Every structure is written in C-alpha cells, then in structure tokens.
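What TrEMBL annotates here:
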type	residues	note
COMPBIAS	690-710	compositional bias 'Polar residues'
DOMAIN	524-648	domain 'STAS'
REGION	688-716	region 'Disordered'
TRANSMEM	100-119	transmembrane segment
TRANSMEM	131-147	transmembrane segment
TRANSMEM	154-173	transmembrane segment
TRANSMEM	179-201	transmembrane segment
TRANSMEM	213-235	transmembrane segment
TRANSMEM	259-277	transmembrane segment
TRANSMEM	289-309	transmembrane segment
TRANSMEM	339-362	transmembrane segment
TRANSMEM	374-391	transmembrane segment
TRANSMEM	411-432	transmembrane segment
TRANSMEM	439-462	transmembrane segment
TRANSMEM	468-499	transmembrane segment
C-alpha cells in the first residue's frame with residue numbers, strides 16, 4: 001500500500017524549478033515518491049550500510065566472499081568431512097540392499113559386457129594394443145567409485161579422448177614403439193594431476209566460456225574423423241593416420257585398388273546388426289537390454305565366423321596378455337612438456353563430457369553433485385590408472401546412459417563393472433585373440449555415429465544464426481585444419497562473441513504501459529507511451545571500461561533520434577531529462593564513473609538533467625564514493641522509474657507554462673461552490689495530462705504549479 005507524502009527533496013525541486021511570476025498564488029502539491037536511502041561513505045564497520053547505518057566496503061567484500069564459506073565449514077560435522085573426501089560414503093551409509101543391490105548388479109553387468117569390446121576398440125583407435133583399453137577400464141573404475149560423486153557415470157576409454165591421444169602421440173613416436181605406449185600412460189598421469197588441481201582450486205567454471213555450439217561442432221567433426229580413421233579395417237588396406245579429413249580422404253582414394261571385399265562385408269554386416277539392436281533397444285522398454293548387448297554380439301559373431309571359416313583376408317586382434325596389470329611408475333618424463341597442451345585439451349573434454357552428463361544424471365536421480373568434486377574424482381582415477389598402465393579415461397555418454405537406463409542406483413554398479421573387467425583380464429583374454437579387427441571398428445563407428453549432431457545444426461539455424469555460424473566454423477576448422485586448431489578457433493570465436501556482446505550491451509528505451517505505473521521496452525510493447533522532453537533508458541549490463549563508450553554513443557543518439565511511440569505530456573521541442581534505469585546494472589567500474597561525470601557535464605552544457613533510478617547497493621556505493629551522487633544531486637536518485645518521471649514531468653510542465661500575474665489586492669476569496677468547481681477542474685486537468693490529451697491548454701494559476709503531481713490524481 002503506497003503512502004502519499006512529500007518528497008524529501010521537495011525544497012531542492014522548488015529551488016531548481018523556474019521562478020513563478022510575482023504575485024501568483026500556487027498551492028504546493030506533494031509528489032508520491034519513495035525516498036531512496038543513500039549510503040554513508042564517511043564511516044565504516046556497519047554491515048547494513050543504508051539509512052542510519054554506515055556501509056563498509058571491506059566488510060561487504062569479506063562477507064560476500066568468505067562468510068558463506070566460513071558458515072558452511074562451521075556447520076560441517078565429522079561425517080560431512082568424511083563424505084567430502086570420500087563421496088562413496090554418502091551412498092554406502094544409506095544403501096538399501098534389498099532395493100538397490102539387484103538393479104546395481106544388473107546395471108554393472110550390462111555396462112561391463114558393453115565395456116569389454118569397446119575398451120579394446122578404443123585402444124586400437126588410440127594406436128595402442130587392445131590390452132591397454134582393458135587396463136584403462138579396470139583400476140580407474142574402482143578409484144572413481146570411491147572418489148567420484150556421480151552414482152551413474154560410467155568412466156573408461158572413450159572415442160574422443162582416444163582420438164586426441166592418437167593425434168598428439170603420432171607426431172612424437174610411431175605407434176609400434178614402446179615410447180608411444182609410455183607417453184600414453186604418462187598423459188594419463190598429467191591429465192589426472194591437472195584435473196585434481198582444477199578440482200581443488202574450484203576452477204571448473206573456466207569451461208563455461210566454451211559455447212555449446214563449439215562443443216557440438218567439435219564433437220561432430222571429431223566423430224566424422226574417427227569414423228573415417230576406422231575405414232582401413234573395412235577396406236582391407238592401410239590409410240594415413242591424421243586428424244584432418246583431406247589427408248584421410250586422399251589416402252582412401254589412393255589405395256582404392258587394394259580394396260578387399262571380405263572385411264568390408266563382415267564389418268558392414270556387424271555394423272548393421274549393432275545399429276539394429278541399438279534402435280530396438282531405444283524404441284522398446286522391453287528390449288532395452290539389446291542396446292548394451294550390441295558390441296558383445298558383434299564380437300561373438302565375428303569371432304565365431306573366424307573360428308569356423310578362417311578367412312585369410314580378415315585381420316585379427318592377435319595375442320593379448322593374460323592377467324591384471326602390475327604397478328609401475330610412468331616413464332619418459334622428458335616429453336611431458338610436449339604433452340601439456342593435450343592434457344589441457346583432454347581435461348576440457350572431461351569437464352564437458354563427464355561433468356555435464358554427471359550433473360544431468362544427478363538431477364534425474366534426485367541428488368546433488370559438486371562439479372569440482374567430480375573433477376577431482378576423475379583426476380584421482382586417472383592418476384591411479386596411470387600406475388597400472390592405463391591411458392586417459394573419462395565419462396562415457398553411451399555407457400552412462402545404459403547404466404542409468406538399467407536402473408543403477410549407486411556406485412556399486414561401477415564396482416561390479418570393474419569386477420567384470422578383472423574377470424575378463426584373468427580368464428577371457430585367450431578368446432580375444434580371434435576377434436576380427438573389422439568387428440572392433442564397427443563398434444567404434446557405431447558409437448561415434450550418435451555424436452554427429454546434425455539435429456543441433458538444424459535447431460541453431462532455426463533459433464540463432466549466430467550460434468549456427470559458430471557451429472559451422474568449429475566443425476569446418478576441426479575437419480580441415482585438425483583438432484587442436486579447431487578447438488582453438490572455436491573457443492576464440494566463442495570468446496569473441498562474448499566480448500562483443502559485453503562491449504555492446506542491450507539498451508532499451510522505456511515507455512509507460514497504459515493504466516499502470518510500469519515502464520517497459522517500447523519495441524517489445526508498442527502500446528507503451530513516452531513523455532515529451534523525457535527519455536527513459538534501461539542499460540541491461542554491468543557498466544565498465546569496455547562498454548561505456550558504446551553506452552555514451554547510444555545516449556547521445558536518443559537526444560536526436562525521436563522514437564516512434566506515442567508521446568504524451570506537455571509539448572516541448574527537445575529532450576530536457578534523461579532517466580537511467582539501473583536495476584539491471586550489477587557493477588560499475590572507475591572508467592564508467594569518470595564517463596558518467598563527463599556525460600553529466602556534457603548534458604549540463606546543453607541544459608539536460610540526468611536522473612538515476614533504482615541503482616543497487618554496490619553501484620550506489622561506488623557512485624557515492626566517487627562523488628557522482630553529489631555531482632548529479634541526491635534529489636535526482638529515485639527508487640522507481642515512475643518517481644523519476646513524476647518529478648521530471650513537473651519540471652517539463654513548468655517550462656511550458658506561462659503563469660499570469662495577478663494582483664493580490666483585487667483577488668476575491670472564492671466561496672464554497674467555487675472551491676468545489678476549482679477542485680473538479682483541477683482533477684480533470686490532472687487526468688487529461690496523464691492521458692496526454694491536454695498538452696498545452698491555458699489554465700488558471702491553480703494548475704500552473706510546477707510542484708503539482710502530474711501523473712496520479714490527488715488523494716485526500
């Protein structure tokens with residue numbers, strides 16, 4: 001409920017208004033204005049900072065940055081500390097054996113059956129022997145189950161990381177050399193250390209600057225490169241290893257005379273079977289187990305065919321060592337410097353893939369997940385994995401989805417997956433010797449086909465052409481210039497868009513919605529009307545050195561360019577008042593403060609007054625400390641846009657009125673009926689002025705008061 005009272009700055013308003021003609025009698029009417037409380041910058045120490053309290057900048061920053069953390073630490077119990085360092089304790093403490101064990105067992109077994117052939121396939125993609133894929137799906141899974149905070153995320157080798165490893169290590173050593181394997185294991189250690197550091201320092205927010213369009217374009221291009229790199233197992237001849245599409249295509253075309261039909265037919269058949277099973281698994285709840293069984297079916301069918309017919313033109317996996325990996329410290333640290341860019345790139349992929357899907361799964365299953373703690377868990381898994389001959393691992397989209405759809409409730413499903421991998425290493429490796437290479441290639445191609453996100457491109461074209469351009473640039477540069485350049489260009493263009501948007505913020509001219517005291521963008525609400533002599537501008541961004549020039553240029557334009565919205569109020573020839581709606585402004589720096597001072601002096605030279613509406617506490621404190629509040633005048637700071645408009649309209653009205661002088665000696669005191677008629681005429685005038693119908697009618701001296709309220713009818 002609003003209360004009508006005089007503005008605390010009414011005397012200032014009277015002094016600033018044009019003087020009345022001598023002898024005129026004009027009653028002063030109160031204006032309905034909510035007073036804005038200014039901070040006291042002369043004393044510090046009070047946390048309130050407004051009204052009768054003083055505001056301390058240092059206490060504000062210490063409160064905003066550290067008080068929350070201190071309070072959280074004080075509230076933590078001994079169990080909370082244990083759960084922070086060992087997230088597995090959260091689900092162990094509340095585990096319901098009768099409800100959860102059966103579904104966790106089923107989910108873990110399903111993912112394990114899916115992981116065994118995928119791990120060998122991704123190791124081949126990385127240029128490693130298949131056994132290292134099995135190693136990468138063993139120890140890291142157990143470590144993540146202990147230190148990871150997601151209960152459904154399935155980690156292990158993935159196609160994108162395998163491609164990154166192959167692309168970088170292929171430039172340093174040949175894949176047949178022992179150095180190549182050592183560098184792959186060393187990269188796992190470096191990635192793990194980097195992930196742990198970023199998790200402990202809570203730097204996961206850095207990846208937010210990478211647009212989703214960049215991620216989609218990068219994964220789409222990488223999926224195409226991965227699929228083409230596996231073509232050699234289908235075609236039956238070697239092709240050049242590269243992360244660029246042009247050399248791969250040239251190599252495929254150049255060796256076309258060596259094409260072999262048997263591996264092509266077998267690989268295509270197995271790929272069709274996997275895709276059919278995946279489709280059936282997605283289309284029916286009763287057949288969802290087929291989605292996970294696809295890779296295993298491919299391996300079994302391929303191995304059975306080879307054992308029966310012994311085709312000489314189909315290459316096999318070959319001998320795979322039996323047993324679990326032994327403990328060993330990574331070697332070849334002299335190459336660590338050359339692996340740093342790859343470690344950062346793989347860490348970025350880990351944040352984008354793993355943390356993204358982990359958060360989505362946590363939301364679906366009703367528990368909270370700390371992305372920095374998740375990043376730390378991935379780092380520990382990679383560090384321990386590197387001591388047991390694993391190459392970099394991260395969360396898998398496909399296996400995590402299968403794990404969730406299979407009903408996994410806790411990290412026990414991951415432990416069961418690790419046990420299946422252990423059993424495969426101990427007992428099943430002799431059977432893997434006869435797996436056809438084209439079967440493993442079909443598994444990889446099937447996995448990456450879902451990464452080709454053409455639907456995202458169509459969506460972006462329909463919704464946002466700028467994001468579609470970003471998607472196209474990232475995809476094209478990744479395909480034709482390589483993975484590293486593609487990522488750098490995509491991130492660079494993404495940041496360029498962010499900087500451009502920040503340096504050119506949205507600025508709106510506001511108008512009043514009819515019948516309300518609400519002011520909105522006149523372009524969004526064409527029915528909104530503005531007032532002659534007044535322009536109301538809303539700045540929808542923080543004001544700082546990068547965008548203040550743009551904001552000043554736009555403000556100058558609004559003086560000259562007349563908006564096409566309906567205008568009301570007294571007729572004037574130019575702008576006299578600029579009202580800045582600063583509610584969306586969350587921050588203002590010293591450069592912007594200086595620019596506001598310059599703008600104020602510039603406006604003053606042209607007889608234009610600035611009014612500021614609804615600045616937040618931090619912005620108002622900055623303006624007070626810098627002297628801008630005193631420079632503009634405290635009476636020109638308002639809580640609401642409507643308050644500012646009321647005061648400005650009074651001054652505009654006073655500019656257009658020409659009050660008639662009267663002789664007090666000849667004035668006759670009006671009788672009761674005359675006072676009633678005057679009151680009704682005054683109310684009618686206020687109503688007409690608000691609606692804009694009365695623009696410049698000559699009125700008697702009663703209506704020529706510059707302090708009368710022009711927008712809201714007077715209340716008794």
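Positions of Cβ are set from backbone N, Cα and C atoms, glycine also.
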>> Below 8 angstroms Cβ to Cβ, which residues of this chain, lying six or more residues outside the transmembrane segment (289-309), approach it?
In response: 110-111, 113-114, 116-118, 121, 266, 270, 273-275, 277-278, 280-282, 316, 402, 405-406, 431, 434-436, 438-440, 442-443, 446
> Would the transmembrane segment (213-235) count as touching the transmembrane segment (179-201), i.e. at least 3 C-beta pairs under 8 angstroms with sequence separation of 6+?
Replying inline: no
> Would the transmembrane segment (411-432) count as touching the transmembrane segment (468-499), if touching means at least three Cβ pairs under 8 Å and pairs must be 6 or more apart in sequence?
Replying inline: no
>> Counting a contact as 3 or more Cβ pairs under 8 Å, with residues at least 6 apart in sequence, do the transmembrane segment (213-235) and the transmembrane segment (468-499) touch?
In response: yes
> Taking the domain 'STAS' (524-648) alone, what is its mean pLDDT?
Replying inline: 89
> Within the domain 'STAS' (524-648), how many residues are helix, strand or coil going by DSSP?
Replying inline: 54 helix, 25 strand, 46 coil
> So, does the transmembrane segment (439-462) come close enough to the transmembrane segment (100-119) to give 3+ Cβ pairs below 8 Å, pairs being at least 6 apart in sequence?
Replying inline: yes
